[in-house]
Amino acid sequence: MRKPGGRVLIAPSILSADFANLERDLHRIANADWAHVDVMDYHFVPNLTLGLPVVEALQRVSPIPLDCHLMIEDPDRWAPAYAEAGAHSVTFHIEAARDPRTLAKDLHAAGAQACMALKPGTPFAPYEELLDVVDMVLVMTVEPGFGGQSFMADQMPKVREVREAIGRRGGQIRIEVDGGVAASTIEQCAAAGADVFVAGSAVYGAEDAAAAVEELRGLAQACAGHR
Ligand SMILES: O=C(CO)[C@H](O)[C@H](O)COP(=O)(O)O
Ligand SMILES: [Co+2]
């Protein structure tokens, strides 16, 4: 089991980067742990961002591993290609997956970590047994689709529930939070048991993105140490 107080990871979302300068903006966050890439398809969410060809291009130039968050329909069909492209981790939404157990195995076979994401209205309990096959659980702290939304503190009990389930079962499973994570909200996420923190507007909206990453890491690490 991952010990409470283990290393926290900061994953800035390039959703808030300058899409005309993605390579430059990846290098602005080279001190972060992962670059979070939000893939949206106009169907699972009412927004469209980027897809596999762009992820393949980012993979060639990124100084840090890519953490792909797929907000798409039919991830069983489309997600493994993101793993084959070299993404470190590939997140599918449990609401969209037909056979999440097989999908997680397919992602592992293609060389990526597998993560299941839960929208704010999706309970964790029906999916607890999938902890056997995933490396990470993403608890959304906004409705997926857009950056810059307000953090939903009412998702913290779900983070605690996932952390407790991981503790009961053992294993090295991370919990990621995504949406509205900033200096003012990250500590409650860490205190609830999250250890991977996605932040888009809080990092790219800062004057110095690298300094914002360090600030978030410091706040989360201090809190994780007291869990
Ligand atoms: O998945 C997402 C939206 O669906 C983004 O990763 C998330 O919203 C990050 O942006 P911000 O930190 O500005 O909320
Ligand atoms: Co995301």
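Every residue, even glycine, has its Cβ placed from backbone N, Cα and C.
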Starting from the substrate binding annotation in TrEMBL that includes SER13, GLY145, PHE146, GLY147, GLY148, ASP178, GLY179, GLY180, GLY200, SER201, which of HIS69, HIS88 is the extra site residue?
HIS69
For ASP38 (active site, proton acceptor), which of the listed binding-site residues (GLY145, GLY180, SER201) have their CA atom within 10 A of its CA?
GLY145
Neighbours of the divalent metal cation site HIS36, ASP38, HIS69, ASP178: Cβ within 8 Å of the Cβ centroid, same chain, sequence order.
ALA11, SER13, LEU15, VAL37, ASP67, CYS68, THR91, LEU138, VAL198, GLY200
Just checking the binding-site residues SER13, GLY145, GLY147, GLY180, SER201: which sit within 10 A of HIS36 (divalent metal cation binding site), CA to CA?
SER13
In three-state terms from DSSP, label GLY147 (substrate binding site) for me.
coil
Neighbours of SER13, HIS69, GLY145, PHE146, GLY147, GLY148, ASP178, GLY179, GLY180, GLY200, SER201 excl. site residues, C-beta within 8 Å of centre, substrate:
LEU15, SER16, ASP38, VAL142, GLN149, VAL198
I'm trying to understand the geometry here, so how far is the Cα atom of SER201 (substrate binding site) from the Cα atom of ASP178 (active site, proton donor), in Å to the nearest whole number?
11
